[in-house]
There are 2 protein chains.
Amino acid sequence: QPHELVTPGEEVNGWGNPMDLFDEPFPDVSTYEDFHTIDWLREKSRDTDRHRKIASRSKESFWEFTKSLLDAWSGWVVMLLIGLLSGTLAGVIDLAVDWMTDLKEGVCLSALWYSHEQCCWTSNETTFDDRDKCPQWQTWSELMTGHAEGAGAYVLNYFLYVLWALFFAFLAVSLVRVFAPYACGSGIPEIKTILSGFIIRGYLGKWTLLIKTVTLVLAVSSGLSLGKEGPLVHVACCCGNLFSSLFSKYSKNEGKRREVLSAAAAAGVSVAFGAPIGGVLFSLEEVSYYFPLKTLWRSFFAALVAAFTLRSINPFGNNRLVLFYVEYHTPWYMAELVPFILLGVFGGVWGALFIRANIAWCRRRKTTRLGRYPVLEVIAVTAITAVVAFPNPYTRRSTSQLISELFNDCGPLDSSRLCDYVNDPNMTRPVDDIPDRPAGPGVYTAIWQLALALIFKIVVTIFTFGIKVPSGLFIPSMQMAYHHHDWIIFKKWCRPGADCVTPGLYAMVGAAACLGGVTRMTVSLVVIMFELTGGLEYIVPLMAAAVTSKWVGDAFGREGIYEAHIQLNGYPFLDTKDEFTHRTLAADVMHPRRGEPPLAVLTQDGTTVEDVEELIKETDYNGFPVVVSRKSERLIGFVQRRDLTLAIKNARQKQEGVVSNSVVYFTEEMPLLPPSCPQPLKLRCILNLSPFTVTDHTPMETVVDIFRKLGLRQCLVTRSGRLLGIITKKDVLRHMAQMMNQDPDSIMFN
Amino acid sequence: QPHELVTPGEEVNGWGNPMDLFDEPFPDVSTYEDFHTIDWLREKSRDTDRHRKIASRSKESFWEFTKSLLDAWSGWVVMLLIGLLSGTLAGVIDLAVDWMTDLKEGVCLSALWYSHEQCCWTSNETTFDDRDKCPQWQTWSELMTGHAEGAGAYVLNYFLYVLWALFFAFLAVSLVRVFAPYACGSGIPEIKTILSGFIIRGYLGKWTLLIKTVTLVLAVSSGLSLGKEGPLVHVACCCGNLFSSLFSKYSKNEGKRREVLSAAAAAGVSVAFGAPIGGVLFSLEEVSYYFPLKTLWRSFFAALVAAFTLRSINPFGNNRLVLFYVEYHTPWYMAELVPFILLGVFGGVWGALFIRANIAWCRRRKTTRLGRYPVLEVIAVTAITAVVAFPNPYTRRSTSQLISELFNDCGPLDSSRLCDYVNDPNMTRPVDDIPDRPAGPGVYTAIWQLALALIFKIVVTIFTFGIKVPSGLFIPSMQMAYHHHDWIIFKKWCRPGADCVTPGLYAMVGAAACLGGVTRMTVSLVVIMFELTGGLEYIVPLMAAAVTSKWVGDAFGREGIYEAHIQLNGYPFLDTKDEFTHRTLAADVMHPRRGEPPLAVLTQDGTTVEDVEELIKETDYNGFPVVVSRKSERLIGFVQRRDLTLAIKNARQKQEGVVSNSVVYFTEEMPLLPPSCPQPLKLRCILNLSPFTVTDHTPMETVVDIFRKLGLRQCLVTRSGRLLGIITKKDVLRHMAQMMNQDPDSIMFN
């Protein structure tokens, strides 16, 4: 009698998992191989099985009941841990970046580990004006030569500034190259791909987490034109992966693991901008592929905990969640919508240009010799950035300090040059009336410097995004914006000699427009912007700018920067945003095509063990359809290559009488065999009895829709019940690339 | 030769639409009948066909190109129109409610159409204290007897207050009964059902729009414990339906129409609360079923326009988007999280209780004689509400006025009794230091009155929600909340004799908790609350309360009030939130069951026109599978009953030689028939060649997932290529109800 590999109950769901039966025969065999896509439907089904098992066991004893409760709450526990760790890491990164950025200019004598700002807090002079001049803080020239002013001191400071920047950048790129090559870049394109169901082992590993955190600090401190926001999403996802491996519910199910990662991405954005709701929306709109409502609530919780942890660490010293808290008191007027929409147009154009230029440069890096010298490239970009940045005060300081100054409304006590309005000598007006005063000479100087800074940043960011250090885009592209308010406001808008519009608001709207143009986010962008700045009153301007910039950007090309990088790298990402509108049918896409060898199939009762082993050896397909007979070609199921290999190996080792000549049976009933025949092998338990099928007449748009919504890995094609062929996700992606006149072989896939 | 009904190109997609070929043979035949569900996949496919046709035509001439551009922009145009109209309607409703609510108490002599507040604006005394006493505003007793004070005046005012309330309520319920029965209730359960793909003709019609707008004003003004927020969503959806019928892109495609309705729901919430982003999230989280990212952007735009229009109308006279704008200046402390979470627990318990009690009452109304006298019921509830409400100042005024007072922080000039703190005679402290002063007697009176108001509102709302006038829940359940801050703050929290916590904040958090408990929203709730109040600083408290109340509420029962009402009414709503975890298979759910008559099928070449007509007459199925032959049972396609009826009717009228004996062919090739045979009828063009199939071994959880995600109407069940049965959406819903031990026949369905 054949050995029963499985209890009858196991078979019900059609995907009986033989792994539970062999007592871990081969350690470290995971369900999917590296660079493979997952089958969402199968993962979901496995999770439901797990649930059922736990639910039925929980009635057995109190201990099992407790375990089932723990299992039910493990999702929330993971969220809590992710929130705590990513909040803590974000706080540490913020503090470290502050300190190291200031280290390029000088050092705090009273305590070496204080940043410039912290150093001067401890001093008694607390007004903003004296911030730069507190005695404990010494620039390098002061420390080394005793001179704070003069050409010599300037050159020495300049030289040391560049040297520190180069040192930080070199350290960052070396660490990345030696320890964790996946730690470079913003990580968001890869995370999008992973969340869509692709396996990239190690991309979210512990080493990547550690190295990314360290090199992120170094890269940002080196003054490169990159932000820490995108990488923080990667860091948070690494945390998510780390903690999900603690619970078998998530570690053994790639589908459930992706739910955790979606929530972790939300936590990452939450701490990057202090915008918990924006983070959830970002995860929903931009990053995630499969985002059930349950994940929405979990993400919400993770984002909350992360923001809260960051607030407790309080890296900005203002007890607020947000980095650039601003409070504007001036309302905006209807007519101002025109400049806001113009800012949106600018943002859209800039975004489209940036994407094209950056992709062109990255393609060049990939295809020419340039790509072979990543360290040199980083050093070169850093050197250029540092050399050009130092003379201009707006580029010298850290980007986020600049942004917070630009976003701010001018107050009467502000020493910023942007706020250098001519003081009314009579002082009859109330203090918040500054915008009505005529602009002073400082304002005009500031405008020139800002304009130069803008041009410099535009150019350098194109070359920076994509180099081999952790790099984010958010802050640099937000930075693009501040500069426009100048032209629009001071020149055109108001009556001559008096400036009447809040520049900070224009900076904010401009930032939203530029970010929108680059990333093509809409709702999440607006929410992030107004959570970031506290400017709730300005939803309408922000929305107007964001929608305009998206429209304008889309007119030049529908992809955002992340999709463009996904395509550049050939990741197998089935975008849910693109609509497939071509008139092809499943028959045009399936394999085998006309003239190709026939499909490799198994029959339900006509194959021997040897045949199967040969088939496995000769082909590299992930699975094989099983048909009634080669003549009728009626489909009965689908068997995974991995399961087949394991089952035969196991049967040969443990089951007596199974030899090469044994017939493999996928049928329910076994025929009575004469005793001369070798012992047959019954493998119905590993047969997926509910493979997904479509007919050959199904339009490809429907097939694409099914692949997207159900997250299939493959789909069988039939005509009136006969098996005709198979369509894999790779076939779908290739077909889509072909239809868009792209090289179908550019898609990386196994 | 057989008449070719369709050009070869049409056939490609498998769902050739014969409607385009007959020149509108039967006017007013729409694709789906009333109370049927739509096939999302088919609708999508039809839309892609439309797109292709337009795209290919657009190359022909400049005029066609312009038309294709117009078509591409029509989505945005519809959004613009929806935003404009729903914003305008919301503004008009706000103004009318204000005026009519005040009409119950008195009248403005200087201009009859002014509300109390507007009346006193025009007067010179503008301080808040004098608001109630401006000379132009006369209470009814003043006007009729000349006395403003005294027992007689009080009784007269009381009597007229109740009379007006009854008059408004009677008018409302009569209008609803006579003109638009669908205008009653909040409408959100029905809109959820419609958006999930159900057809309820007239529910979003012009009459409903008109009557709902008018009766909403009447119902709210009558003082019933209901809000205008839910109905505003219904009103906005009616606008959406109205405008989508202007464009054939939307009017002829039920799937596309639902995208417009999702966006309209967002616009509705946007104007109801002045919360555009919250509106989009509400539509996403709570209302919509199919919400692609494109709809997210469109909703965003519609919500923006609607909010903007409302702001231009400026019904609150404060140039702000939001109804209850508050600006708190006190930060909150970590330890305060404890009361916030307690508020969450209270909210969850209250929500669960409310749902149970309200559903029990509504079920009673449905099943007993009570339901036969809706007008009497409304009159009774209104009378009780008005009689009880008048003596208590907190229930007498309109609910939104009360909320705005409760949310407000006490200022030094505030005359509200809640802010009656003992004034420090020395006045040494700065003005914003009020919370540190000891509470005066007015505060304690206010607390008692609020507590009474709370109890009254709890009881009356249970009976109000579901009566036959437009009724919303948001405001009443938000109202539940204010009352708690009293106990928690004044008694426990601070050192005795001094109150140190902002009551308004607690009111806000409590409101969020109660709303969360009733509706089980999370993210959208928090966003609405902080957009509503401008309290961006308090995301964390709001989030904590919302998540807690959801947890607690879910522990008592997983359904929110809307889902509970959907179930009560038996709408065929396939909830995406519930997980199906039972171990049944497709074979257990499909029809025919064991012992039932076999499935009604057509064969591809063996049926005559007469047979088909008989089959149509005898059965009421929506469609029939077509098989190769009755013996092999191999499935080749699925044909819709409607298409079949139309095609045969048309052929009999227009095609010569088609008689009852004609054989119906679904094959590609026609056999050569002897001349003695009657002219055959070729119907392959109406055959759906890509019907959706699953195997009989497919677990039901997968089938449910497929129905949810692809929006199927039916699905065929096969085993090794043979047709076994059919599963319709109704079967799935019935099976789910059965598995949850509910009466499967309670589901309304055709």
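Yeah, the Cβs are placed from backbone N, Cα and C, and that goes for glycine too.
Database features (TrEMBL):
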type	residues	note
TRANSMEM	A:73-97	transmembrane segment
TRANSMEM	A:158-180	transmembrane segment
TRANSMEM	A:260-284	transmembrane segment
TRANSMEM	A:296-313	transmembrane segment
TRANSMEM	A:333-355	transmembrane segment
TRANSMEM	A:375-394	transmembrane segment
TRANSMEM	A:446-467	transmembrane segment
DOMAIN	A:590-656	domain 'CBS'
DOMAIN	A:687-746	domain 'CBS'
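At the 8 Å Cβ threshold, with sequence separation of at least 6, the transmembrane segment (A:260-284) lacks contact with the transmembrane segment (A:375-394), having fewer than 3 such pairs. The average pLDDT computed over the domain 'CBS' (A:590-656) stands at 87. For the transmembrane segment (A:296-313), same-chain residues at least 6 beyond its ends with a Cβ under 8 Å from one of its own Cβ atoms are 75-76, 79-80, 82-84, 86-88, 90-92, 94-95, 236, 259-260, 262-271, 274-277, 279-280, 283-284, 319-321.
If you look at the transmembrane segment (A:158-180), the same-chain residues 6 or more away from its ends with a CB under 8 A from one of its CBs are 100, 103-105, 140, 205, 207-208, 210-212, 214-215, 218-219, 221-224, 374-375, 378-379, 381-383, 385-387, 390-391, 396, 467-470. Secondary structure counts, DSSP: the domain 'CBS' (A:590-656) has 24 helix, 17 strand, 26 coil. Per DSSP, the secondary structure of the domain 'CBS' (A:687-746) breaks down as 25 helix, 19 strand, 16 coil.
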